[in-house]
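Feature annotations, reproduced from Swiss-Prot:
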type	residues	note
BINDING	Asp64, Asn66, Asp68, Tyr70, Glu75	Ca(2+) 1 binding site
BINDING	Asp100, Asp102, Asn104, Cys106, Glu111	Ca(2+) 2 binding site
BINDING	Asp144, Asn146, Asp148, Glu150, Glu155	Ca(2+) 3 binding site
DOMAIN	31-49	domain 'EF-hand 1'
DOMAIN	51-86	domain 'EF-hand 2'
DOMAIN	87-122	domain 'EF-hand 3'
DOMAIN	131-166	domain 'EF-hand 4'
LIPID	Gly2	N-myristoyl glycine
MOD_RES	Asn3	deamidated asparagine
Amino acid sequence: MGNVMEGKSVEELSSTECHQWYKKFMTECPSGQLTLYEFRQFFGLKNLSPSASQYVEQMFETFDFNKDGYIDFMEYVAALSLVLKGKVEQKLRWYFKLYDVDGNGCIDRDELLTIIQAIRAINPCSDTTMTAEEFTDTVFSKIDVNGDGELSLEEFIEGVQKDQMLLDTLTRSLDLTRIVRRLQNGEQDEEGADEAAEAAG
């Protein structure tokens with residue numbers, strides 16, 4: 001299939017990883033096409049708050065590369081390989097798409113705040129010292145170069161890459177490896193997913 005997204009090719013994954021993911025995908029989704037509802041079930045994301053639900057929908061849409069309303073196996077592998085193995089700039093491009101809820105090519109303060117709150121509901125960071133509001137203010141004060149209250153893709157990528165604290169915090173807050181680990185290990189991490197759902201509810 002070649003480059004599926006932003007220069008990230010499925011060929012970079014080991015055959016063992018692909019086989020594991022394919023087996024899990026086809027077990028959970030025999031049709032080969034994951035709907036939003038199945039996506040929630042697949043990751044154990046149930047009983048979420050409205051903002052967390054919006055984040056999950058946005059994540060689904062960014063994984064649905066061809067915008068047909070389904071995630072097929074190739075989109076699924078491309079998304080997971082990006083999250084697990086993607087280079088920093090590739091991940092930042094994906095984060096930007098995730099934050100840009102209305103799809104206008106810019107992230108405003110409300111969009112960022114909403115997504116940060118939703119991410120924390122699903123995947124709480126134990127070492128977070130700032131509230132979601134404080135973190136949003138920090139991001140804008142540090143990387144909104146022209147002060148227009150919106151972040152362009154260029155401002156976002158350049159600003160975050162220049163600031164190790166922001167890069168570390170964003171990477172941690174979007175660390176889906178716990179959820180992905182559950183996928184790879186079957187249901188062993190169900191308890192963690194249930195805790196995340198309770199924290200969000």
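Using N, Cα and C of the backbone, Cβ positions are placed for all residues, glycine too.
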All-chain count of other Cβ atoms within 10 Å of Asp68 (Ca(2+) 1 binding site): 10
Collapsed DSSP category at Glu111 (Ca(2+) 2 binding site): helix
Long-range Cβ neighbours of the domain 'EF-hand 4' (131-166) (under 8 Å; 6 or more residues past either end): 88-89, 92-93, 95-96, 99, 105-109, 112-113, 116-117, 120
The domain 'EF-hand 4' (131-166) - residue tally per DSSP class, helix then strand then coil: 25 helix, 3 strand, 8 coil
Ca(2+) 2 site, defined by Asp100, Asp102, Asn104, Cys106, Glu111: further same-chain residues with Cβ within 8 Å of the Cβ centre: Tyr99, Val101, Gly103, Gly105, Ile107, Asp108, Glu150
Shell of the Ca(2+) 1 site beyond Asp64, Asn66, Asp68, Tyr70, Glu75, same chain only (C-beta within 8 angstroms of their C-beta centre): Gln33, Phe63, Phe65, Lys67, Gly69, Ile71, Asp72
Sorted by sequence, non-Asp144, Asn146, Asp148, Glu150, Glu155 residues with Cβ within 8 Å of centre, Ca(2+) 3: Cys106, Val145, Gly147, Gly149, Leu151, Ser152
Sparsest Cβ surroundings (other CB atoms within 10 Å) among the binding-site residues Glu75, Asp100, Asp102, Glu111, Asp144: Asp102
Residues satisfying Cβ distance under 8 Å from Glu155 (Ca(2+) 3 binding site), sequence separation of at least 6: Ile143, Asp144, Val145, Asn146
Where Cys106 (Ca(2+) 2 binding site) sits in the secondary structure, as DSSP reduces it to three classes: strand
Spatial separation of Cys106 (Ca(2+) 2 binding site) from Asp68 (Ca(2+) 1 binding site) - C-alpha basis, Å: 23
Between Glu150 (Ca(2+) 3 binding site) and Asp102 (Ca(2+) 2 binding site): CA-CA distance (Å): 13
When distances run from the Cα of Asp64 (Ca(2+) 1 binding site) to each of the binding-site residues Asn104, Glu111, Glu150, the nearest one: Asn104
